Amino acid sequence: MDKNIKVSFKHVSKEYDLYQNKSDKIKGLFLPKSKRVQSFWALRNVCFDVYDGETVGLIGINGSGKSTISNIMSGVIPPTQGEVVINGETSLIAIAVGLKGPLSGLENIRLKLLMHGLKGSQIDSLLPSIIEFADIGDFINQPIKNYSSGMRSRLGFAISVHTDPDILVVDEALSVGDQTFYQKCVDKINEFKAQGKTIVFVSHSLGQVKSLCDKIIWMHHGEVREIGDAAEVAEKYDEFVKWFNKQPNDFKKKYQKEQKEKQKLPQEKIYPTPNANKYKMGLFDKCFLVVLLALLVLFGSLISTGKSFMGLFSATDNKVEQVTKVDKRTDWK
């Protein structure tokens with residue numbers, strides 16, 4: 001029986017504008033696309049499917065687009081082009097993702113569980129297990145802005161694995177922390193694998209990916225370079241890394257610069273996001289929107305001023321009425 005697709009990326013691209021200052025952001029609202037600031041394509045035409053029960057690894061050098069994929073997959077950011085289909089609830093595990101610095105560890109646990117739709121009684125029943133798994137001692141009652149990266153990773157991992165997600169996205173969350181906690185996380189991931197859950201594992205560690213994953217997606221400067229069996233793709237990636245590291249520094253810098261410049265080139269809309277053009281505003285629409293907002297502000301000011309005048313007249317009427325009553329009482333006497 002064929003497995004169901006849990007995650008599907010079809011011709012997905014992600015563009016960022018490389019703003020240099022605040023005025024560039026304002027220009028970006030009004031100027032045509034061709035006259036805006038320089039763009040950067042973090043992802044370009046990415047296609048892959050992740051099936052039910054698979055554990056898939058995302059590998060690649062820095063800036064290859066791994067975290068961008070995990071953020072799109074988890075709904076943190078939208079794609080610029082293409083179609084993303086997620087069949088199930090996704091939980092992203094990354095260092096400090098979704099954690100609020102001023103809040104304590106305990107408060108963050110409650111907040112994240114509430115955001116996952118859990119009720120008070122359910123949260124209370126999960127708290128002891130999460131606190132025990134995180135194993136950060138008395139720091140659980142301290143603001144997490146005072147936590148080390150390892151402690152934040154521990155807390156984030158502990159919360160996410162206790163929300164019972166359909167799809168677990170682990171983004172470099174095992175790159176910090178000691179070996180004891182790492183093994184605890186690996187055991188939990190293997191437990192999820194045994195339950196048939198879908199796992200996407202993002203890491204620089206080829207050893208971790210090979211030991212945990214069935215399939216590997218090799219990302220290279222925003223594009224898919226290879227997809228296939230974990231052992232085969234890992235071997236090819238390892239060969240590339242060894243070859244690259246042997247090259248002179250001048251060659252490395254030139255190669256990386258060329259790849260970055262390539263990511264700045266214009267992108268053809270191979271697979272537009274459904275209904276994207278329907279909501280795209282032209283220059284006239286943007287100017288109309290600004291004028292409309294200005295009129296609304298002016299109208300609000302006039303209403304506020306009118307209320308002030310009405311209040312003044314009302315106060316005057318009350319005074320006149322009080323004087324009249326006093327005069328009547330005087331006449332009666």
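Backbone N, Cα and C define each Cβ position, glycine as well.
Since we're looking at a predicted model, the values are computed, not measured.
Feature annotations, courtesy of Swiss-Prot:
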- 26-246: domain 'ABC transporter' (DOMAIN)
- G60, I61, N62, G63, S64, G65, K66, S67: ATP binding site (BINDING)
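Here the features listed in Swiss-Prot are placed on the structure.
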residue	record	Cβ contacts under 8 Å, 6 or more apart
G60	ATP binding site	K66, W218, M219, H220, R225, Y237
I61	ATP binding site	H220, V241, F244
N62	ATP binding site	none
G63	ATP binding site	H221, K260
S64	ATP binding site	M219, H220, H221, G222
G65	ATP binding site	K14, A42, L43, V46, M219, H221, G222, E223
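By a simple count of nearby Cβ atoms, those within 10 Å, the most crowded of the binding-site residues K66, S67 is K66.
The ATP site, placed at the center of the C-beta atoms of G60, I61, N62, G63, S64, G65, K66, S67, has further neighbours from the same chain whose C-beta lies within 8 angstroms: M219, H221. Confidence across the domain 'ABC transporter' (26-246), taken as the mean pLDDT and rounded to a whole number, stands at 86.
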